Amino acid sequence: MRVGVLTGGGDCPGLNAVIRAVVRKGVQQYGYDFIGFRDGWRGPMEGDTVPLDIPAVRGILPRGGTILGSSRTNPLKSEGGIRQIKENLAKHEVDALIAIGGEDTLGVAAQLADEYGIKVVGVPKTIDNDLSATDYTFGFDTAVNIATEAIDRLHTTAESHMRVLVVEVMGRHAGWIALHSGLAGGANVILIPEQRFDVAKVCAWVESRFKVRYAPIVVVAEGAMPRDGDMVLKDESLDAFGHVRLSGVGEWLAKEIERRTGKEARTTVLGHVQRGGTPSAFDRWLASRFGLHAIEAVRDGDWGKMVALRGTDIVRVPISEATAKLKTVDPAEYAEAEVFFG
Ligand code: F6P
């Protein structure tokens, strides 16, 4: 059995831990061969491969990024993309593919499995934690820890200058990173994409903080939108999966706060820092277990399935089901945090 492995979409901490677990168990327990495909779906489309064996995965557990490289290449949008993938899998004698990715990469994997009969198993990754069917994706915990540390640091400088500090975090159309890091970091306002925000209310919370001589920290998710108005974007271009590049709301909000309250307001955009560097212990644990269970699914011939975390168990679910719906923040969970606002 020869198994191909690829990592697609935005990179996230823990990808290497999955690759290592898949290869270690696959070689040691099942005697499989592996081949790595470079840069997500671009690898199998163009036949760009890299050797993948036990020496290749030594020492990569704590390393961020992905040794296989990643991209947002969409074979469904490229003329002849699927045919090329089939040809290259046959040429390299690949019997099965493990696709490690988020909503987009796994969306392609689901179609390849369900419509084209390609033997694929999926592993969910994304710092956004927005994949339904799994309680957590790996990468999320690391991103939340990085954002929380940034918020802690911003508190002390905000207090010294008595200014408002707005922190824009990633998460695309889900507010998980904002909610978790905002709560953990003691933010005074948390704004998420799932609920449009009222700028007047944000300003009232900011002013109430200043009354107790305490400088406010406003955590805003990159996908959050004001109640009266459209999404604020710095860049309107789309990626290969048709997504806008989010970012800009933090800067816009700081200007609005300054204009309406007269208090100095500045913005920190955390951006890709949230995706970089070494994975947290939780993400290493989750990614390793996902890898071990993914190669087990290959052994069982359980094609079109994705490994998922339910409580502390790893289960298998159809990839198509897992990518059909985004997992967003429940209004009741967001409401819990409101007691800390203002
Ligand atoms: O999906 C992960 C993510 O980091 C999102 O939070 C963010 O909106 C997007 O990727 C950024 O993508 P890129 O790295 O392509 O700019």
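Every residue, even glycine, has its Cβ placed from backbone N, Cα and C.
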Let me know which member of Glu87, Glu93, Glu207, Glu222 TrEMBL also records as binding substrate at the site of Thr126, Ile127, Asp128, Arg163, Met170, Gly171, Arg172, Arg266, His272, Val273, Gln274, Arg275.
Glu222
Out of Glu103, Asp104, Met170, Val273, the recorded positions in the record, which is closest to Lys125 (site 'Important for catalytic activity') when you go by Cα distance?
Glu103
Annotated recorded positions Gly10, Glu103, Lys125, Met170, Arg266, Val273, filtered by Cβ under 6 Å to ligand 1:
Gly10, Met170
Between the Cα atoms of Arg275 (substrate binding site) and Asp104 (site 'Important for catalytic activity and substrate specificity'), find the distance and write it as a whole number of Å.
17
How big is the gap, in Å, between the Cα of Gly10 (diphosphate binding site) and that of Met170 (substrate binding site), rounded to a whole number?
12
What count of other C-beta atoms do you get within 10 angstroms of the C-beta of Thr126 (substrate binding site), across all chains shown?
27
